[in-house]
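A short worksheet on the structure shown next.
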Amino acid sequence: MRVLPATLLVGAASAAVPPLQQVLGRPEEGMSFSKPLHAFQEQLKTLSEDARKLWDEVANYFPDSMDHSPIFSLPKKHTRRPDSHWDHIVRGSDVQKIWVNNADGEKEREIDGKLEAYDLRIKKADPSALGIDPNVKQYTGYLDDNGNDKHLFYWFFESRNDPKNDPVVLWLNGGPGCSSLTGLFMELGPSSIDENIKPVYNDFSWNSNASVIFLDQPVNVGYSYSGSAVSDTVAAGKDVYALLSLFFKQFPEYAEQDFHIAGESYAGHYIPVFASEILAHKNRNINLKSVLIGNGLTDGLTQYGYYRPMGCGEGGYKAVLDEATCESMDNALPRCRSMIESCYNSESAWVCVPASIYCNNALIGPYQRTGQNVYDVRSKCEDESNLCYKGMGYVSEYLNKAEVREAVGAEVGGYDSCNFDINRNFLFHGDWMKPYHRLVPGLLEQIPVLIYAGDADYICNWLGNKAWTEALEWPGQKEYASAELEDLKIEQNEHTGKKIGQVKSHGNFTFMRLYGGGHMVPMDQPEASLEFFNRWLGGEWF
């Protein structure tokens, strides 16, 4: 998860941008929440007096600069490439015209969904041009939503092993508003980027035994662009369904394989929605078999109760916060929970936005002000301008090279790892605190769900992730909640028997704690990451 620079504490992304390391000052006297959000003035007039007082209190968390910040993301500079540049263009309108006879002899669309406004542009990339996995087939391109001027960039890597039989995985980074290409080059892709801004082969890439699609979503993230904005998870889900439907239509050889969705951080919001969107379509060409969420934000009501324990030494690492701060966080938690409960009951932005801002300032803010890395309790924030990691700066510099943008067919003038306008959009639409965990029981009825967590992360810590999985109401809750954590050991290489974490599972639900992993487990523990990933895809726990 990421947060807004120089505006407010929104949560997980806030730790690494310099202005966010400071206590946010009170606005000038008399300022109310309606001042920075002029578009909401009329709506504010309809609120009760108590509600308006709450919003005015929330305004205290905003610096004056918020008054000059746009609420919606600005369009990126871009130059669209001619159709002749692409090897294939799959038009959703053509796919919608394909009808088949069902088992009852009735005509129906081959693929469900409203796809007519979408096109998928595809180019076979030349791996030798960049030196990234040169022996692996790659495709790059854009999903175009022509009706809304949205263009999502993707990069596909075929499996290094047996692409005709290996599964296909969609990888999503979080934010909201952070590029999945950071996951590609910092965590689990075929190459990382070193301090010389050169690609370095990754022996532990997740495409070792699976084909992987990295998607820059929502729009205006990474190489993606738009003249409009997406500001909630549900809207983004429609785009992902269209991308997969058209991609698998063009490449039926991949559609035959098992398909999984994996992601981390704010993908704890995305994935339940995206998977539910896919499963809602009876006639689909997406063979969804499971989902994997790493260090995710999924159930804020439960998870926010574990910031104090994690920061105060109860998560397996020494305390970062002092006793007085821990007590202050304990005192703030009841009000935070009450506000989140109200958000869950109404799912209204008017309730969910104050809950997000109050809780993040009360329970994440104290940790941020220590200067410690919110993504890893063991270390200081080493590079405040790049979300605590120098490597993110290397990735951005690499992806901004003209020759790289040309090689992958990027149409934007520049690349940013995270777009904080998008982050703000999701916040102000109330998306941050909405109860997307309520979709998980429906998923468990149809597919396995893995929740994994590096145990050194603060922002989406393992204590909170374990707790929400045990609190989730579903038919197998009692058996799952009572199951004990068991040792997770390496089985597939020369380090056989090495303990890499703990696991518990019942039915379709599995939780893993990964030792020594921060917010980005594949970066911190690449061997352990590939181990559990391969075994999960192999069906060991389901």
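Along the chain as shown, residues are numbered 1 onward.
Glycine is no exception: its Cβ is also placed from the backbone N, Cα and C atoms.
Listed in Swiss-Prot for this protein:
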- Ser265: active site (ACT_SITE)
- Asp457: active site (ACT_SITE)
- His519: active site (ACT_SITE)
- Cys178-Cys418: disulfide bond (DISULFID)
- Cys312-Cys326: disulfide bond (DISULFID)
- Cys336-Cys359: disulfide bond (DISULFID)
- Cys343-Cys352: disulfide bond (DISULFID)
- Cys381-Cys388: disulfide bond (DISULFID)
- Asn209: N-linked glycosylation site (CARBOHYD)
- Asn508: N-linked glycosylation site (CARBOHYD)
- 1-17: signal peptide (SIGNAL)
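Using a 10 Å Cα-Cα cut-off around Cys336 (disulfide bond), the recorded positions Asn209, Ser265, Cys381, Cys418, Asn508, His519 reduce to an empty set. In the three-state DSSP classification, Cys359 (disulfide bond) falls within a helix. Candidate recorded positions: Cys381, Cys388, His519. Nearest to Cys352 (disulfide bond) by Cα distance: His519. Not a single one of the disulfide-bonded residues Cys178, Cys343, Cys381, Cys418 has a C-alpha within 10 angstroms of the C-alpha of His519 (active site). Considering only the recorded positions Cys178, Asn209, Cys343, Cys359, the residue whose Cα is spatially closest to the Cα of Cys388 (disulfide bond) is Cys178. Using Cα positions, the member of the recorded positions Cys178, Asn209, Cys326, Cys418, Asn508 nearest to Ser265 (active site) is identified as Cys178. Every protein chain shown contributes to the tally, and the Cβ of Cys388 (disulfide bond) ends up with 24 other Cβ atoms within 10 Å. The separation of Cys418 (disulfide bond) from Cys381 (disulfide bond), Cα to Cα, is 17 Å.
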